[in-house]
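So that you can see what the record holds, here are the features copied from TrEMBL:
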- 10-129: domain 'Response regulatory' (DOMAIN)
- ASP59: 4-aspartylphosphate (MOD_RES)
- 222-274: domain 'PAC' (DOMAIN)
- 265-296: coiled coil (COILED)
- 312-537: domain 'Histidine kinase' (DOMAIN)
- 559-674: domain 'Response regulatory' (DOMAIN)
- ASP609: 4-aspartylphosphate (MOD_RES)
Amino acid sequence: MSIPGLLSERAIILAPRGRDSQIAMRILDEAGYLATVAHDLFELVKELSSGAGLAIIADEALRNSDIKPLLDLISRQPAWSDLPIVLMTHHGGPDHNPSARMGNLLGNVTFLERPFHPATLVSLVVTAVRGRRRQYEARARMEDLHESEGRLQNALKAGRLGSWLLEAEYLKLTCSDITKSHYGRNEQDTFNYDDWLAAVYFEDQPRMQSALQRSLDTGVDLIIEYRNVWPDGSLSWVDVRARAICGKNGLVSSLAGVTSDITERKQAESQLRRLNETLEQQVEERTSQLRHKEDILRQSQKMEAVGQLTGGIAHDFNNMLTGIIGSLELIRRRLARGNIEDLNSLIDLGVTSANRAAALTHRLLAFSRRQSLDSKPVEMNHLVNAMDELLQRSVNESIHLQLRMASDLWTAEADPNQLESALLNLVLNARDAMPDGGTLVVETFNQQLDRSFTNAHENLLPGDYVVLSVSDNGCGMPETVISRAFDPFFTTKPIGQGTGLGLSMIYGFSKQSHGHVSIKSEVGRGTTVQLFLPRFKGLADEAEQSFQSNAVYAENGETVLIVEDDPAVRTLVSEVLSELGYTFIEAGEALDAVPILESGQRIDLLISDVGLPGMNGRQLAEIARQLRPGLKVLFITGYAEHAAVRGGFLDTGMQLITKPFAFDHLTSKVREMIEA
């Protein structure tokens, strides 16, 4: 059923004679179709122009009439339209009715013989209207397609994108005017496949043709940028992209794509590269200037450090040297007068001053990380508890010292002597930060450091650490002081009251032990320094057990080879061993010692300085072990750069002591090694 009143589906009836128009109109009205009667051919054309689903025309209306307006209307129909016409003829059909032959000129004509049955007319109208509706649907699709194409063309124009289609079988190229413009052509110019390839710049042709052929063969998208030559000889850049369209056989039937002119972008990129090169050159020049200024600043800081050294270290060292030199001078004078009474007090004074100088030297070596460490398993709680009395004496009565030891503390791996020194330094610093008294807390606990923490600190590995923490509620430090707290010789104390090496020594010790040290402080609230030392991964009973012996005298002609380039040290060591009955052989350098090792001379122990000129002590020891397998070696050194951690320097049967050393310590170590 049609919708009443819908002009596009109405029937226009032209039957000027008799009652055919009235009968037809009544039949269609009863069937639910809208019908309009035209009284002549002119009115028919007018009504059809306003919209109609079909025309019902009596053949006599066309006889002896000018049907040109009707034929013009039919010929001017859009592509989607083919107006259905029902031509009412007299009995006998078109073969016997000459006027009916005119239906051939009208196109989509169906004949209806009179008289006709109402059902026949309705059936013809239903068929005609159904066909007309399909035409309207085609019109709607064509309009949608036209609008879509319009939008696409507008978008392409807005983006200055050209469109093109390449048919694979015949290599027929169809392209838009914008695409032509990208190759320097006008709208009226022809531009075929051969023109397209010929326009490609000769250096880019192999690359472009290879990419195009690959897309035609495999169906992969074509994406390429290349240069093309315009008819006037100028060069431009074009970006070509396409997608393959495959036929039913699965092969590529065509490529549909777009082009865009990227000449301006390429010129901008080239200019940007030139600017970057210029900028890089300027940055390099600026960096060179900054490096030069940094070198000047670094040299200035070195000179400032030297100044602080002469004001602090040299002051302390001169005091110590005064004690040593003064004691020796007094001893000499008394001996010259034959007065040997009370020499022990002068000797003790000299030794005390010398030990203080040795301690200061150790602090300098610890800062530079050249102090040899004897890392071993350390029970930190035991170490702290053993120092409790010393720590209590180091602080005054107005300071309350608290020890908070973790009950499940892991075993640490460190040099216990240096750890004791670090703890004492931290406690003394905390004491000085509380001149009016306060609370000082020494605490131990376990800590796991994850990768997010260790990545922020150089040469620190994630894992388990044992922490020694010293806290005070004293004056605290501002950020400017915290940032320089580990700097060598930096101190906030007056000259003569501090060397500025305490925290530097702790920093060097922590790094040398593969640990970490941190400072947290707030002005007016106090400071906390935490020393992180690696957890010992071995068994608890692996701690080094020192062999103790009360006998220090030589037995059975035991012989020691002494290799030391400093004559004073070599003489003193020889004299001490000689007093104990040892036979000794001296060598001033490693090359002098090799022939002795090659000889048949008895040698029970090799004592060698590490820092010998030429061949060093470690190299000499390797040669000695080749010549005399199992020979025991005792190294003596002021600092041993390669012996910073003894476990990585000493083999079995080797030990090391650092200068200056007490001769009792030397002789007991000699006895211990020979008897071991």
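Yeah, the Cβs are placed from backbone N, Cα and C, and that goes for glycine too.
In TrEMBL, annotation is done automatically, which means it is predicted and not curated.
Here the coiled coil (265-296) has long-range neighbours at 237, meaning same-chain residues at least 6 beyond its ends whose C-beta is under 8 angstroms from one of its own. Residues of the domain 'Response regulatory' (559-674) grouped by DSSP class, helix first, strand second and coil last, total 51 helix, 27 strand, 38 coil. Look at the modified residues ASP59, ASP609 and count other Cβ atoms within 10 Å of each Cβ; ASP59 has the fewest. You'll find the Cα of ASP59 (4-aspartylphosphate) roughly 136 Å from the Cα of ASP609 (4-aspartylphosphate). Mapped onto DSSP helix, strand and coil, the domain 'PAC' (222-274) counts 12 helix, 30 strand, 11 coil.
Across the domain 'Response regulatory' (10-129), DSSP classifies residues as 57 helix, 22 strand, 41 coil.
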